Each structure stands twice: as C-alpha cells, then as structure tokens.
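Here the structure is laid out as structure tokens; the discussion comes afterwards.
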Amino acid sequence: AVGSTCVATRFFVALSISTGDGLRKESSPFINNTDNDKAISYDGKNMALFEEEMDSNPMVSSLLNKLANYTNLTQGAQEHEEADEEEAGPKKKAVKSPQMGTFMGVYLPCLQNILGVILFLRLTWIVGTAGIVESLAIVVMCCSCTMLTAISMSAIATNGVVPAGGSYYMISRSLGPEFGGAVGLCFYLGTTFAGSMYILGTIEILLTYIVPQAAIFVAEKKEDEPAALLNNMRVYGTCCLTLMSLVVFVGVKYVNKLALVFLACVVLSILAIYAGVIKTAFDPPDFPVCLLGNRTLQNLNFDKCLKTEEVGNQTVGTALWALFCGGSRALNASCNEYFVLNNVTMIQGIPGLTSGVISDNMWSDYGPLGMLVEKPRQPAVLAADTSQDVYLPYVVNDIASFFTLLVGIYFPSVTGIMAGSNRSGDLRDAQKSIPIGTILAIATTTFIYLTSVVLFGACIDTVLLRDKFGDSVKRNLVIGTLSWPSPWVIVIGSFFSCCGAGLQSLTGAPRLLQAIARDGIVPFLAVFGHGKANGEPTWALLLSGGICEIGILIASLDAVAPILSMFFLMCYLFVNLACAVQTLLRTPNWRPRFKYYHWALSFLGMSLCLSLMFISSWYYAIVAMVIAGLIYKYIEYRGAEKEWGDGIRGLSLNAARYALIRLEEAPPHTKNWRPQMLVLLNVDTDLAVKHPRLLSLTTQLKAGKGLTIVGNVLEGTYLTKDSEAKTAEQNIKSSMAAERTKGFCHVVVSSNLRDGFSHLIQSAGLGGMKHNTVLMAWPGTWKQSNDPASWKNFIETVRETTATHHALLVAKNVDSFPGNLERLGEGTIDVWWVVHDGGMLMLLPFLLRQHKVWRKCKMRIFTVAQMDDNSIQMKKDLQMFLYHLRLDAEVEVVEMHDSDISAFTYEKTLVMEQRSQMLKQMQLSRNEREREVKRTTPRPPGLHREQTILIKRIGLCRWSLIWRPCYVSSSDAAAGVHMTWTKEKLFTERHRGREANANVAVRDLFNMKPNQSNVRRMHTAVKLNEVVVNKSQGAHLVLLNMPGPPRNRGGDENYMEFLEVLLEGLNRVLLVRGGGREVITIYS
C-alpha cells in the first residue's frame, strides 16, 4: 500500500516440479549430504541455467525438504561441525534420544538442583549467623547473579540450535574453542563436585537425622565427634556414589522417572514449611532449648533441663548435673565453675510468628571456631576458668563464620540454573524450553529463598538458628522443627531432594565432558567422547565418578561448597560476557528469539559474578582463574583449530579495524620502529619452499613480535594456477609452522615474476600494518643461469624497495644460517658500518641476540677510515655513540689507504665487461632469430627435402627438419629471386656468414678497454673484501652495507659482479640497505 510505514519482504521460491515426462524432481544435497545425492544429474529444463552450480548451490526445494526433516542438528549449507564429521569418516546411525518438553526437561531439573542441600541443611544456620538483613543481601546478590545470567543464557540459547553440551556449547560457539574449552572444563569440574556435595548432604541427613545408630565410627569423647563424622561421610558417601552411578548408567530415562518422585517430596517439604509457619502464629510446636546462663546446651544425653530433682523425698543431681560434675550425681561433687554460678533456663526453640523474635534475628553474630552459641540479653555470670568448656555439652561453632564465607557456602544453592541446558540434547525444542524453564525456576526459587529467610528469622529463636546440627533439640533438623505436620516430612523430603540433585549432576556432567571430547579441542580427552550403543557417555561417567569421589573424601559440605562457587561463577561470568560481546558487536548472525536482554544487563551480571568470586574466597578465585588459564593456553597451543564464528573473533576484527585506523593517522615514531617483514620466498617445481632457513632468520629477527608477511609469486594466470597457488600457500604455511614463524602468507599469481614481486612490495599489508622491511635470498646461481631474468628481477626489486622507502635485507648462503633449534657457541656478529642509512646495521644484531640461537654471540662494529680521517677520534666517537644507544659492542676502526689500482683489479674489470658484451650479443642474436621465426610463414604440408621459397634479405632456410637463418644479397632480395637450395649450398652460405660475424665480434672484444668508473668500483669491492675477509672470516654472521644499483640500467650485470666480488670468501652475510629513515635513537 502506498504510504505504508512498513516494508514487507517477500521471498520468491522457485520449485522445480516434475512435469510428468519422466524427469526427476530436484534433490540437492544440503544437509547430511550423501554420495547418492551427489550422483543425481540435474537434467531438468526449467533450471538449466543453474545446472553447473547444483553441487555447491542446491535447489531451494531440496533445502526445504532437508529442513523439514530436521531433528536436533545444526543447520546451514554445511556447518563446520558437519564438515568435521565428514572428514572423520562415514556417519554413524543416529540414536534417538528421549524428547522432553519445558516442564520435564528444564523446569524440574533446575528446581531440583536449586532447591537442594543448602536450603534444608544450611539456610537456617546462615540466617542465624548473618541475621535477616545480611542473609537477604546474600540471597539477593546470588539470585540476581543467576537471573542476569539466565537472561544472557536465554539470548544465546535462542540464537540458534543448542545441541548436546548445553552451556559448554553456548560458551564455545560464542567465545571460541579456547574460552569454551577452559570454561567448559571448569564448569564440568563444578558440576561433578556438585554431585559430591549433594551426596555429602544426603549422607549427613541419613547419619545425623534418620539413622544415627548406623554410624560405623563412633566418638567416645566430644572432641572426637567431628573426625568420626567425616570418616562416616567418606564410607557411606562412596557407597551412595556407586549406587547413583549405576542408576545413571542404566539410562537417563530412569533418572527422569525418579525425578518426578524426588521433586514431589521437595514440593511437599516446602509446603510443609509454609504450613508450619502459619501454624506457629496460633499454636507453636514444642521444641524446648535448655540454657545454662546464656549458653546453649546439647540435650542429647539428658531429658530434663534441671540441675537437681526430687526423687523419693531426696534431692539428687540430674543427668545434666552428672555431665558438669565429673559423672557424679552427688550434690557434694566437684562441679564446673560456670555450672555452679549460673542457673539453667528452658526456652522455646520455635516461639512463633507473633512472638517478636524477629528483632533478635535482624543482625549478624559471627565468631571464630569453637565459639559458644549464647543467647543475647540473657543474664549470666562469667567463670574465671574456661579451659574445660570444649569438653562440656555446649553448642559451639564448628567453623569460623564471616560474611564472605557464608556467601561461598550459600551460592551453590542457586547454581542449578544450567541443569536444563546441560541436557539440551534430550529436549524437544531447546530454544523454547531453556529460557522459559530456567527463568521460571529461578523466579520460583528466589521467592522461596527470600520468604524463607524472613520467616525463619520471625519464627525460630536465635540460638536454635545458630545450632547447625540441631544438637539443642535432640538432633532434630532445625528446619524440620518448623514444619507441619511432622519434622519427618522435611527430613524425608530433603533426603530425596539431595538424592535427586545428585543424580541430575551425575547425568549432566558426563554429557558435558562428552560434548567437549567430541569437539576435539582437547586431544587427551578424545576417549571420553565414546559411549554405549545408545549414546550414553560411559567413559565420561567413570571419570565423573572418580572426580566426585575426591569431593566425597573431603567429606565436609562447608569445605566443598566454596569450591563449587568458583567454578560456577566463572562459567556464569563467561556466559554474560558472551552475550555482551555478541550484542555490542552486532554480528549479522546475532538474532535471538528471546528479546528481553540488553548488553548492560550482561555486563552487570558479569561484574556481579566477578565480585562474588572474590567476595567468597579471593584465593579460590585466583586458583580457579589459573586453572582456566592453563586449560586455555593448552587448547591454544595443542588443541585442534576450530572456526565456529565465535564472538572473540568478531571482537578481534573490530579491535583490529580500530587499531589499523589509529595506526593510519600518523607514521610510527623512531622509538616504536621495529622491522615489519615482507619475506620474498621462492618455491621449486614441486611447489616446496626453496630456502626454509629464510623463515628461521625471520623468526630470529622478530622473536614473535611485529608483522611478518611471507610472499611468493607464481607465473601465469590465476584461473589456470589457482590450485597450484593454494598448494604453494599450504606448503609455505607448513614451513612457517615448522620454523615457528608467526605471520601471514600471501601467494600472488602474475603474468611475470617481476610484476608479481612489485605488486607484493606495493600492496602487502593493510593500512598502518604494512611492511617496512623486505627480506630476500641472494640469487646464488645467477652466473650459471642462461636466463638473465633471475638477476634482473633481483636488481629491480632492490630499486623498487629503494623507491618505496623500504629497508632491504639480502641473505647470502641463507641455507647455511642456523635453525631455530641450534645454539651458536661463543662467536661474533660483525657489523661493517661503511655508510649511515638509518641505523639498521646497529639494530639488527641487537634483535638477533634477543633470540636464544644468537644469545652467546658478541657484537663487533667495524667502520672504515680514509686517509683524511682521525681514526683514534672516530673510535672514541663511535664508542660514545654506542654508549648512548645502550648497545654493548666492541669497536674497531679499519684504515683503508689510497693505493694504486692493481693489475688484478684492471683485468677482473676487463673480463667482467667482455663477458657482459658477449652475453649481450648472444641475447641480441637470440632475440633476432625469435623475431624472424614469428615473421616466417609456416611450412605447408607435403614439401620435399629440396624446395623453392622466396628469400628475403635475412630469411629462414629449411634443410631436413631444421630452420636456419641465411643471408642473400640485397639485389637478389629486391628482385625476389627464387633460389633452389641444396645441402652443400646451405652449409657453404651458413659457414661464410658465421665466420664473418664471429671475426668481427672477437676483434671487438679483444680491442675494448674497461670503463674507468667500473674500474674504480671494482677496486673498492676488491679492497673492501680483502679487509672484511681478513677481520671477519671466522664470524658467525657479517652485516654489511649494501651498495645501491646503478642509475643507468645498462650496468646492471656489472653491479651483480661488484656484489659478488664484495662477498667473496664470506660464509653467512646479511646485506643491509636502509629505508631512508632513522630506526634507532639515543633518546628515551
């Protein structure tokens, strides 16, 4: 409609339909393609225009057909995961997993894990120790953290299909394999330890509240009770772990069936708590607590809260009297001083909702290990001797308590939010179920926790709240004393709650490990990717059971809980980070169905997770980060390379773009200058790298820092050489990996090598990250080569680097340079500083000596003094210059006196020019013959040995099967004479022409005189070579200023000869030519 504010996007789909003439419908491979699909020939007429592209671009009808049959696999033309599977071999038959909805698959597992052991065993103690205000702060912080994480997780989970692996899959595909593997393994450890925590909770309920007489280890003294309890936990915990592992091994289906029973018990327990709270308003339960003075007493061994009682008209001591008077009930027995000075008082442990006890429970009451639980504002007389208090039946703190510890202990009670996503492979629609089920479960449990904190503080007396194990109410579960109709409802409910949560953890943890193992990012975990025929992770379950046993051997729920908090908080931190990164980068693939998220919420959740980590335990936080960091580095260096389109790569791209734009604004300062290398490599006919030691030298110069681009040129056109270019690139990358050269590879296909190298020098790099130094090998076989292109290309490259203001390094005998694994012994790196061109000669030895190959080498600097120079002053000045440059080197000034040009130099120059002249004549003759061949008409078929052709002034005569140049007179050529050539006449004419030309050429060569400029240059090369060989023949490496090529291109070959003479007799030489700017400075 015209004027409408909405723009409708229409998708037109072309479907190829069978016309009834026997033609097949289009059936293109797109997802899970097979060889049979690929064999189909596309002989339809409607889409003939696209038939050549059917293999790579399938018909839409085929795509939609595949999508309609979609189950729980990733979608796409061919996702990386599918490609990995295809490379690994033929696909195994898919195993159908249980398909569950939101309620059964997400909401119930989350509810079970969240409403686990902490609610029933520790929440009352946390409220009594921290007070209502600080307890509410703890609950709000932890629940806010999980809610924000759930929002971020929902956005990630609805941004595509989440297969088995859940949280690991979400993190790894959003932040990359390194982060995903590190956090995934940490989360796996957390989930596994959570299983041990739930099992410890189960055994604590069993041995403390249900059947305490089942204890194997029994303490004879009060001070031995903690050790006996830990040993009982270890024995029974191991048995319980074995039983639960067998249940999980049988199948997840049975775990889900048991989950309903367990959850029903949990719900009934919570309802019983709320019913009990309401009942306390008008009929509080009778759970008396006995106080001695203001101290709370354990009433396990006495029934009456009295010191004495009347028995048969006699006053005798009670059981309580005997406990404080050395076991005697006699009134004249020697009793504890505090017992004598104070009276016993009995109070109600559950005074009720309307009692006003909430005012006593508002504020915290922390204390050290062994601190007595005392009732505030209760009168008491202190005793002088308190040394025996530890042996008396007082209720005491079994651990030191403080706010941060309580945060660490409480946080595992909100960590069940990943229980649903961990089992995403079993969900019918993970994108819909995970957000709804998780957020509803968190909202439900947050309400339960907040109301429980307030109601516990309003109904239960402070001394009973601080009594962790219910010793003051005859070892009743404290939360059970509040419930209605019976404490056993809570005891049984909490027991099954812990069992269910333990089973959920043992179900989720092996699947998480299996997902990590199947991704192949951690090589040594590959065995754990296998399982039973139905896909159950058997080996992963065994490892999970072993790790879980470690937690059980710790045996203390309060010690295991903070460890879990670290691992879970780290996982939640990275989930929030993943969502924030994806949102801020606005990647095209970031299209979550869940819309109620924002990057600010994710950052808030991430900050809250980090804060809680250090609040709970700063040293555990550091240990968890170190473990994650080690796993990250291991995956980075040893794991398989994966490309998952993760957000970290997108973040890297954005950061790189920003940095490149900033670098483009101004050239780098001299202090920031470092060699950014363009390495010009050659490959042989098999496309293998010719000089791999050139890459070793690059690594030693760079020490892993700065930019390295390795370039190569193939001759031809890209359309015909594309496969060779890819092969060459792969070979170069393999050589770079072998030589530990970190950088980029760029293979160019060009019509000729000269243009290709020119393109590389001009266009390699991007923006501010462009090379400033070109490294190449000396063409060692230029004299033996019949093709002058090799040395001409070299000289043109030298000219081009000079024109583009790039520094140039030319390595002679590069194959003799040391590899990265070699260690050179005591020796020298000799620098011959002839001319100053920016300080490259001084900087390069310093960079080389940073590498372990050259570390033991000393640096020597030689400079050349002429007749007019003061060599002593030059040496002092050079030493001062090196001092200011902070370089350690020996300095030597070599004096070169003016001397007459020797006959040797004169003769060498003459031979050089004669050779050059001869090569030019040969080249001229070759070029002339090639031009004549092109001009001559091709021979018609059927000609005999003697044949008549029209001869021009310089034509081609054919005898036998060879065409040769022949010469006729100008008059004959002008007249267009038809000549009949015989074999004898051909030989006579050819011999006569050759002799005449050869005589002229030889006469010219012997009569020529060398150019005086060339003689002077040769003299310099010979003299300088003598000095360098004399001083530096035994050096490990010689660095030398590289003379520039002549301005007149006619002397290019002479230039190569000069360099050859200059380098004669030296093994490892690095010719250095500066880029026209200073690269080293004396200033800070």
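Every residue, even glycine, has its Cβ placed from backbone N, Cα and C.
Unlike curated entries, TrEMBL annotations are predicted automatically.
Residues annotated as transmembrane segment in TrEMBL: 101-123 (among others). With a cut-off of 8 Å between Cβ atoms, the residues of this chain six or more beyond the transmembrane segment (101-123) that come close are 194, 197-198, 200-202, 204-205, 256, 259-260, 262-263, 266, 269-270, 409-410, 412-417, 419-421, 423, 426-429, 432-434, 436-438, 440-442, 444-445, 448-449, 452-453, 456, 468, 477, 479, 490, 493-494, 497-498, 500-501, 504-505, 508, 557-558, 561.
The domain 'Amino acid permease/ SLC12A' feature in TrEMBL is assigned to 106-280 (among others).
If you look up TrEMBL, you'll see 135-158 (among others) marked as transmembrane segment.
Within the chain carrying the transmembrane segment (179-200), a Cβ under 8 angstroms from the stretch's Cβ atoms is held by residues 113, 116-117, 165, 167-169, 171-173, 233, 237, 240-241, 244, 412, 415, 418, 422, 498-499, 501-502, 505-506, 508-509, 512-513, 515-516, 519, 521-522, 544, 547-552, 554-557, 560-561, 563-564, 566-568, 570-571, 574, 624, 627-629, 631-632, 635, 639, 646, 648, all 6 or more beyond its ends. Annotation comment: TrEMBL describes 179-200 (among others) as transmembrane segment.
Marked as transmembrane segment by TrEMBL: 233-252 (among others).
Only residues 6 or more beyond the boundaries of the transmembrane segment (259-278), in the same chain, are considered here, and those with a CB under 8 A from a CB of the stretch are 104, 108-109, 111-112, 115, 120, 285, 353, 448, 452, 455, 459, 479, 482-485, 489-490, 492-497, 499-500, 503-504. Here TrEMBL flags 259-278 (among others) as transmembrane segment.
The annotation domain 'Amino acid permease/ SLC12A' is assigned in TrEMBL to 396-678 (among others).
Panel annotation: around the transmembrane segment (399-419), residues 106, 109-119, 122-123, 126, 129-130, 134, 138-139, 141-143, 145-146, 149-150, 153, 166-167, 187, 190-191, 194, 197, 364, 366-369, 438, 441-442, 445, 449, 501, 504, 508, 558, 561-562, 564-565, 568-569, 571, 612, 615-617, 620 of the same chain, lying at least six beyond its termini, place a Cβ under 8 Å from a Cβ of the stretch. Taken from TrEMBL, the feature transmembrane segment covers 399-419 (among others).
Positions annotated as transmembrane segment by TrEMBL: 439-465 (among others). Beyond the ends of the transmembrane segment (439-465), by six or more residues, the same chain brings 106-107, 110-111, 114-115, 119, 123-125, 127-129, 131-132, 135-136, 139-140, 143, 146-147, 150-151, 154, 270, 273-274, 277, 280, 287, 289, 291, 296, 347-353, 355, 357-358, 360-362, 365, 373-376, 395, 413-414, 416-417, 420, 472-473, 478-479, 481-482 to within a C-beta distance below 8 angstroms of the stretch.
According to TrEMBL, the transmembrane segment annotation covers 485-503 (among others).
The list of residues near the transmembrane segment (539-557) in space but at least 6 beyond its ends in sequence, with Cβ under 8 angstroms from a Cβ of it, reads 117, 121-122, 189, 192-193, 195-197, 199-201, 204, 230-231, 233-234, 237-238, 241-242, 245, 248-249, 506, 509-511, 513-514, 517, 527-528, 530-531, 563. Look at TrEMBL and you will find 539-557 (among others) tagged as transmembrane segment.
Only residues 6 or more beyond the boundaries of the transmembrane segment (563-584), in the same chain, are considered here, and those with a CB under 8 A from a CB of the stretch are 145-146, 148-149, 151-153, 155-156, 159, 167, 170-171, 174-175, 179, 183, 186-187, 189-190, 193-194, 197, 407-408, 411-412, 415, 418, 551, 590, 597-599, 602-603, 605-606, 609-610, 612-613, 616-617, 620-621, 623-625, 628, 647-648, 650-651. For 563-584 (among others), the entry in TrEMBL reads transmembrane segment.
Annotation comment: TrEMBL describes 596-613 (among others) as transmembrane segment.
Summarising the annotation, TrEMBL assigns domain 'SLC12A transporter C-terminal' to 692-810 (among others).
TrEMBL lists 824-900 (among others) with the feature domain 'SLC12A transporter C-terminal'.
The annotation region 'Disordered' is assigned in TrEMBL to 922-942.
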When counting C-beta pairs under 8 angstroms to the transmembrane segment (596-613), the leading stretch of 135-158, 233-252, 485-503 is 135-158
Tertiary contacts of the transmembrane segment (233-252), defined by C-beta under 8 angstroms and 6+ residue spacing from its ends, are 98, 195-196, 199-200, 202-204, 206-207, 216-217, 258, 423, 426, 499, 502-503, 506-507, 510, 534, 536, 538, 541, 545, 548-549, 552-553, 555-556
Under DSSP, the domain 'SLC12A transporter C-terminal' (692-810) has how many residues in helix, strand and coil? 57 helix, 26 strand, 36 coil
Grab the pLDDT values for the domain 'Amino acid permease/ SLC12A' (396-678) and give me their mean, rounded. 85
